[in-house]
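**Student:** Structure in structure tokens, see below.
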Amino acid sequence: MVFLSTLYDHLRNYSNDKLVERSPITSLLLTFSLKGNLKKLPFCDDTNQALTILYGMRVICICMIIMDHRFGTHLASGVLNFDMVENQYRSPVGSMFFHGDVFVDSFFILSGLLGTYCLLSQYDKRFINPGLLVFMRYIRLTPVYAMVIFYYATYFKYSGNGPMWKTIIYPEVEDCRNNWWTNLLYINNYVNVDKICMVHSWYLPCDFHYFMIAVILCIIIYKNKRAGLIILSMVTFVSIIIPFLIIYLYQRSAVIYFYPDFLRMPKQQDDFIIAYSKSHARASPYFIGMIAGYIYYKMRDSEKCLKKIYSHIILLGSLVLMISSILTGVIFYDPKYEYSPVDSALYAAIHRVAWSVGTIGVLYVASYGHAKLIYSFLSWKPWVPISKLVYGAYLTHMQFQMRAVARKGGSDSITYFDIISYSLSDIVLAFAAAFVLYLAVEAPFRNIFTLLLVPSKNKKKKPKPIENQESVSEVTCDSHL
């Protein structure tokens, strides 16, 4: 289909028959064109320049997550210099890896921010049925997700071999064959969590559940601003309290201990099942992001700029919050630390809030303050096409890391240089796979959905190129990974 579509797209340039372009069949065929989808990849909706910083933020976060996962999978396979690794659990540099789960919170922040901004902006144009919005979100996320699950359940175990291949790869394949349906229903972080298909896929049901809540909250905000903001504030407060109650009542640790035992079998660990993967336990960054999204929405036409002194104060305070959120996690790795349910519960509830507020502070100063260097870096044009591949990179990167570990012949020593070099390889491979998925699955299905969603626009006037079509589907397109 991709080949035929691309060939037709190329040949039609030599035809003068304009009626062909208006045919529904030919329009559908063109949705799979490599030529058309490649043109769309660098396309940037820059109607709000303040939001262009999110492109770079996405790419940085996914690279950090891939690097953290590489460290974890390599450590799980066994290392010879574990004394060095054990010391890194309590070092500032090591905390970037062993407490790097906050970078996933950054995705929740960005998703809440952009989702709220897009929803409220869409309601200004016309109201859309909330059920349709949720369906649009499902259609946006699922095709490429289903394709990756299909690969895991079928061809993955035949993609290589090694000493640990059957031990590591086969159980993952079996879990995907038995529990794929929980992934496609976005309930895999609540149903059969100990057999979840793709351990890192817990993020997607969380994001999907939050989006459903965001749709309702944005409708309330749009119809009654005061009531909506009060409810959003209450929901945010509850989302902060819930992790406190979970950690306190279940007597769990304040952070996930990324020790080898956990990393080898994360699905079976109580901390992962109870506190790490559940939507109700990870919601606070998303709703804090929603508050930021409302602020960006109100300032979308504003030309106000923070005074330089305020910009510096906010930026400094935000960086302190973000760095503190990561570095303070080493406290709980200290062998001398005596467990306290209250301390653990307070930290579990507060550190994600601190990271979220700090992240939003940096973004806000970059957008509306005197942090032009940060703004220029995060809004750099090459980030645009790369950021559109982040979703595919997130879905695919773990398979490359699992393959590498399964093919290892034994334990080896590990250094930060090794982790960085292996991670760079993972990043390149993940984005290469994401590029293929984008052209073959993600972009074509988005184009098809656009054609089905806006047929009336194409009846009485010449249609715009697909890459430039304005569609309400954009509300749900990129307000996630």
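Each residue, glycine too, has its Cβ placed from N, Cα and C.
Note that TrEMBL annotation is computational and uncurated.
Computed from a predicted structure; not experimentally measured.
Checked TrEMBL, it gives:
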COMPBIAS  468-481  compositional bias 'Polar residues'
DOMAIN    56-400  domain 'Acyltransferase 3'
REGION    459-481  region 'Disordered'
TRANSMEM  102-120  transmembrane segment
TRANSMEM  132-153  transmembrane segment
TRANSMEM  202-222  transmembrane segment
TRANSMEM  229-250  transmembrane segment
TRANSMEM  280-297  transmembrane segment
TRANSMEM  309-333  transmembrane segment
TRANSMEM  345-366  transmembrane segment
TRANSMEM  373-394  transmembrane segment
TRANSMEM  414-441  transmembrane segment
**Student:** Could you tell me whether the transmembrane segment (345-366) and the transmembrane segment (414-441) have 3+ CB pairs under 8 A, leaving out pairs under 6 positions apart?
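**Tutor:** No, the stretches stay apart by this measure.
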**Student:** Go through 102-120, 229-250, 280-297, 309-333, 373-394 and flag the stretch with the largest number of C-beta pairs under 8 Å relative to the transmembrane segment (202-222).
**Tutor:** 102-120
**Student:** Going along the chain, which residues at least six beyond the ends of the transmembrane segment (280-297) come within the CB cut-off of under 8 Å?
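**Tutor:** Beyond its ends, the transmembrane segment (280-297) has Cβ neighbours at 48, 50-51, 105-106, 108-117, 120-121, 206-207, 210, 214, 217, 221, 229, 232-233, 235-236, 239-240, 242-243, 246, 274, 349, 352-353, 355-357, 360, 363-364, 367.
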**Student:** For the domain 'Acyltransferase 3' (56-400), what is the mean per-residue pLDDT, to the nearest integer?
**Tutor:** 93
